[in-house]
């Protein structure tokens, strides 16, 4: 064991003790509220066996016979009023009626089951793809706005500054409502489109500042050297400056994407079923608020912890290379 490790192990023990005390406080809080934890059937909110109805009664009928013919079964139905006879071919395992049973119109005769994604899986997928699409668009918007922020053209500089400061001054929820209710009504935007536009423009404003800071961190001497070699402003920016700037801002961009994933939780306000909305719906039907919100927290961690690890890894790599 190294000397540094020997000095640090008491602090690690203190960390464990603090975590243990925190867990004890949490346990006492749940006991004092007399809450009964119940994790049964929680898996149904991730994946469940859904009944798929294959055949229903065409009218008020009686099941007069169920005949096995090889691998198939013939179900005979007779209408009460017209005495019309109906025959249905089905697999024995799919039959949900008995001989002599009376059925009303719409009653299930045969059905099967299939594994179907529950609200948490659907919400996880919605959160993931909305974050990816909004992140890509936000990166494009942020790159353009960041370049405009350092442009020599006063109009581009002013417009980009107004955009960045306006977005940063407004809560994201207000932006979502404005785009969904105002622009969404005028342009007939879907829930998902309004969500992507809101997240993209919000993320773009913060990414613009990250890009601007990254570009300005590059020595001006490199720009002057490129110009002395006959390179134009555009080629200098694309070939010399931006590659170095992006290398420096990668950890910050990763952190911004983590924030973007968490920001998707606000989309429940416009009825998009992402992770938070899925937890709300699951809580309503199951009456298990603690379990459902812990499941939601676990899904967010499943996305964000790998991103956080990636951000720390990039920071260490860049620190070594510098």
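From the backbone N, Cα and C atoms, a Cβ is placed for every residue, glycine too.
Among the features that TrEMBL reports, domain 'ABC transmembrane type-1' is placed at 124-311.
Residues 37, 290 of the same chain sit 6 or more residues outside the transmembrane segment (12-30) yet have a Cβ under 8 Å from a Cβ within it. Per TrEMBL, the feature transmembrane segment maps to 12-30 (among others).
For the transmembrane segment (128-150), the list of distant contacts is 156-157, 159-161, 163-164, 192, 195-196, 199-212, 215-216, 237, 253, 256-257, 260-261, 264, 267, 272, 274, 303: same-chain residues at least six beyond its ends, Cβ to Cβ under 8 Å. The annotation transmembrane segment is assigned in TrEMBL to 128-150 (among others).
The transmembrane segment feature in TrEMBL is assigned to 162-183 (among others). Listed as Cβ neighbours of the transmembrane segment (162-183) (distance under 8 Å, sequence separation of 6 or more from its ends, same chain) are residues 145, 149, 189, 191, 194-195, 197-199, 201-202, 204-206, 208-209, 263, 266-267, 269-270.
For 189-208 (among others), the entry in TrEMBL reads transmembrane segment.
If you look up TrEMBL, you'll see 229-246 (among others) marked as transmembrane segment. Using a Cβ-Cβ cut-off under 8 Å and counting only residues 6 or more beyond its ends in the same chain, the transmembrane segment (229-246) has close neighbours at 147, 211, 214-215, 217-218, 222-223.
Annotation comment: TrEMBL describes 290-314 (among others) as transmembrane segment.
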